[in-house]
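The block underneath contains the structure these notes are about, expressed in structure tokens.
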Amino acid sequence: AWVSSLSMGMVFFCSPIVSIFTDLFGCRKVAVIGAAVGFAGLLSSSFVSTIEPLYFTYGIVFACGCSFAYQPSLVILGHYFKKRLGLVNGIVTAGSSLFTVSLPFVLRVSLDSVGLYNTLRVLCILMFVLFLAGFTYKPLVSNTKDKEGGKKGKFRFPPDKKICNFSVFKVLSYRIWAFGIPAALFGYFVPYVHLMKHVKDRFGDEVPEEVLLLCLGITSGVGRLVFGRVADYIPGAKKVYLQVASFFFIGLMSMMIPLCHVFGGLIAVCLFMGLFDGCFICIMAPIAFELVGPQDVSQAIGFLLGLMSIPMTVGPPIAGLLRDHLGTYDVAFYLAGVPPLIGGAILCFIPWVHERHKLKERAKPVDGETTEKMLENESPLVLDTTEKPVKEMES
């Protein structure tokens with residue numbers, strides 16, 4: 001369990017570093033190298049006979065490669081799409097839902113027929129596909145390398161301020177977003193980690209718990225397509241309200257899990273939870289583009305994913321401790337619904353703050369023009385006052 005937990009945490013923990021490399025070297029090189037590292041980590045894991053080396057080969061090397069391959073896929077979309085960015089993100093991220101539905105069944109058949117090590121080698125095919133796909137990334141927005149050294153010149157490292165672009169935190173609306181989402185995620189992933197164990201504790205082995213994963217995967221894919229298209233019709237930072245709604249419903253569904261004493265009720269809860277999970281994921285990149293612009297979006301997403309790694313790692317173990325002490329997951333699920341509600345309430349302020357920031361930015365050039373006009377009007381008066389003493393001196 002710790003191997004997979006370490007792997008999941010490293011994918012998000014490395015995101016700030018990935019964003020810096022993306023700005024320095026571009027989406028294509030980072031994605032290709034990341035897929036190659038992930039391929040090497042997964043292949044080396046298939047030759048490991050004890051669990052200790054898996055902490056490094058699978059938990060660190062493979063996870064870091066996946067992180068380097070994942071984030072450029074979000075950044076590159078904003079280079080090509082503006083009006084339909086939400087729909088495009090929905091289509092791209094729906095691929096993960098497709099594999100969430102199909103891959104568990106394929107893995108079960110593969111593990112039973114060829115074993116763990118050969119299954120890992122089969123999965124290397126997917127990493128090789130990622131490696132080839134990375135060559136198709138052709139960024140349209142110039143990166144730091146092109147700005148500093150020129151396209152044909154030698155590469156020179158830019159100043160530290162440009163490598164770590166902490167200026168995105170000067171945008172108040174982004175600061176609220178970057179801390180509101182991690183606050184909501186302290187309880188967000190608890191159902192995804194502990195739901196299967198809760199089903200076994202309450203219903204035993206009589207019910208097929210894989211059906212819940214199937215429901216989550218299908219409706220998550222539908223949510224990404226539907227809400228990605230809806231986000232294109234919502235102007236500016238008001239797209240955040242979709243994430244507010246998704247956090248509200250996910251928090252509510254988490255609290256309803258202990259109240260479901262019939263398996264059919266859990267299916268209904270998972271259908272709604274998957275739908276709004278897709279909503280939250282597909283509009284993350286469009287909101288980042290709205291808040292900081294295309295030039296800074298890479299590190300904006302990277303810092304956010306890095307902050308997300310903390311609640312993703314801390315939340316589920318706390319729920320597990322509560323279950324160990326209380327003997328049931330009920331209190332853990334009730335408490336897991338509280339952080340999404342709080343995080344959603346924090347995000348409600350973003351559109352108002354962002355609009356005020358835009359109004360101030362628009363007012364700056366207006367003030368400049370008015371001061372220029374005042375100086376122009378004052379200049380003849382200044383000339384008149386200076387001419388009088390000169391004439392008196394001449395006389």
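Glycine is no exception: its Cβ is also placed from the backbone N, Cα and C atoms.
Keep in mind that TrEMBL annotations are predicted by a computer and have not been checked by a curator.
Features reported for this protein in TrEMBL:
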type     : residues : note
TRANSMEM : 6-25     : transmembrane segment
TRANSMEM : 30-49    : transmembrane segment
TRANSMEM : 55-78    : transmembrane segment
TRANSMEM : 85-107   : transmembrane segment
TRANSMEM : 119-137  : transmembrane segment
DOMAIN   : 168-395  : domain 'Major facilitator superfamily (MFS) profile'
TRANSMEM : 172-191  : transmembrane segment
TRANSMEM : 211-228  : transmembrane segment
TRANSMEM : 240-259  : transmembrane segment
TRANSMEM : 265-289  : transmembrane segment
TRANSMEM : 301-319  : transmembrane segment
TRANSMEM : 331-353  : transmembrane segment
REGION   : 364-395  : region 'Disordered'
COMPBIAS : 364-376  : compositional bias 'Basic and acidic residues'
COMPBIAS : 385-395  : compositional bias 'Basic and acidic residues'
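Same-chain residues lying 6 or more positions outside the transmembrane segment (55-78) and placing a CB less than 8 Å from one of its CB atoms are 2-4, 6-15, 18-19, 21-22, 27-28, 30-31, 33-42, 44-45, 48, 85, 88-89, 92, 127, 130, 134, 137, 139, 141, 284-285, 289, 294, 297-298, 301-302, 305. Long-range contacts of the transmembrane segment (119-137) within its own chain (CB-CB distance under 8 A, at least 6 residues past either end) are made by residues 26-28, 31-32, 34-36, 38-39, 42-43, 45-46, 65, 69, 72, 76, 107, 110-111. Only pairs six or more apart in sequence are counted, and the transmembrane segment (211-228) with the transmembrane segment (30-49) gives fewer than three Cβ pairs under 8 Å, not enough to call it a contact.
Simply put, out of 30-49, 172-191, 265-289, 331-353, 331-353 has the most Cβ pairs sitting under 8 Å from the transmembrane segment (240-259). On the 0 to 100 pLDDT scale, the domain 'Major facilitator superfamily (MFS) profile' (168-395) averages 78 in the predicted structure. Remote same-chain partners of the transmembrane segment (265-289), defined as residues 6 or more beyond its termini with a Cβ less than 8 Å from a stretch Cβ, comprise 74-75, 77-78, 85-86, 89-90, 93-94, 97, 177, 191, 195, 199, 211-212, 215-228, 231, 237, 239-240, 242-243, 245-247, 249-250, 253-254, 256-257, 259, 297, 300-301, 304. Of the two recorded stretches, the transmembrane segment (6-25) does not lie close to the transmembrane segment (331-353), with fewer than three CB pairs under 8 Å once pairs fewer than 6 apart in sequence are set aside.
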